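Quick look at what TrEMBL annotates:
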ACT_SITE  His94  active site
ACT_SITE  Asp146  active site
ACT_SITE  Glu155  active site
DOMAIN    5-168  domain 'Glycoside hydrolase family 9'
Amino acid sequence: MQKGNNNVPKTNGGLLRFLEWANLQYVTSASFIITAYSDFLNITKSTIQCNNGIVQPQELIAFAKSQVDYILGSNPKQMSYMVGFGPNYPKQVHHREASIVSIKQDPNPVGCQDGFNEWFNKKSENPNVVVGSIVGGPNQGDEYRDERDNYQQAEPATANNAPLVGVLARLAN
């Protein structure tokens, strides 16, 4: 990160943009590293000298927070990319257990091919909400296609969530 906006591509809404597939894993990881480095700069009473000026540790924290805010709904779509958080979040997550009805609702066994044929291709909300999971996120244009077969954007992963835990812990401090 340097002073200015010309070193890492961002969407028009301000989200860091690394790759088309599961971009939020890179955003949460970068945000985690930024917060950790900010703490290091604070401890050592240092700053970052860039061509366009000095970056203070609190600017790094503010930037990391802006990325978290985007993920949680402060974005052009007003959508939280954390499933179950807020009023507008992904409803057709690319996740087998979320996509197939609970055995408590339908005790009939669901075979592997049945799961694909009967549930994967449904164009309705997931019967189970995987609360707290973070999907891959929006594309370069801040657009998100909430469809189960859109695994590039709709698939949750621990690689998306794990770094965010550290960022949220730091922001809560």
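Yeah, the Cβs are placed from backbone N, Cα and C, and that goes for glycine too.
All annotation found in TrEMBL is predicted automatically rather than curated by experts.
Locations of recorded TrEMBL features on the structure.
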residue	record	DSSP class
His94	active site	coil
Asp146	active site	coil
Glu155	active site	coil
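If you take the C-beta of Glu155 (active site) and look for same-chain residues 6 or more apart in sequence within under 8 angstroms, you find Ala22, Val93, His94, His95, Val135, Gly136.
Other Cβ atoms within 10 Å of the Cβ of His94 (active site), summed over all protein chains shown, number 22. The domain 'Glycoside hydrolase family 9' (5-168) scores a mean pLDDT of 93 in the predicted structure. Contacts of Asp146 (active site) defined by a Cβ separation under 8 A and a same-chain sequence distance of 6+ are given as Pro90, Lys91, Gln92, Ala154, in order along the sequence.
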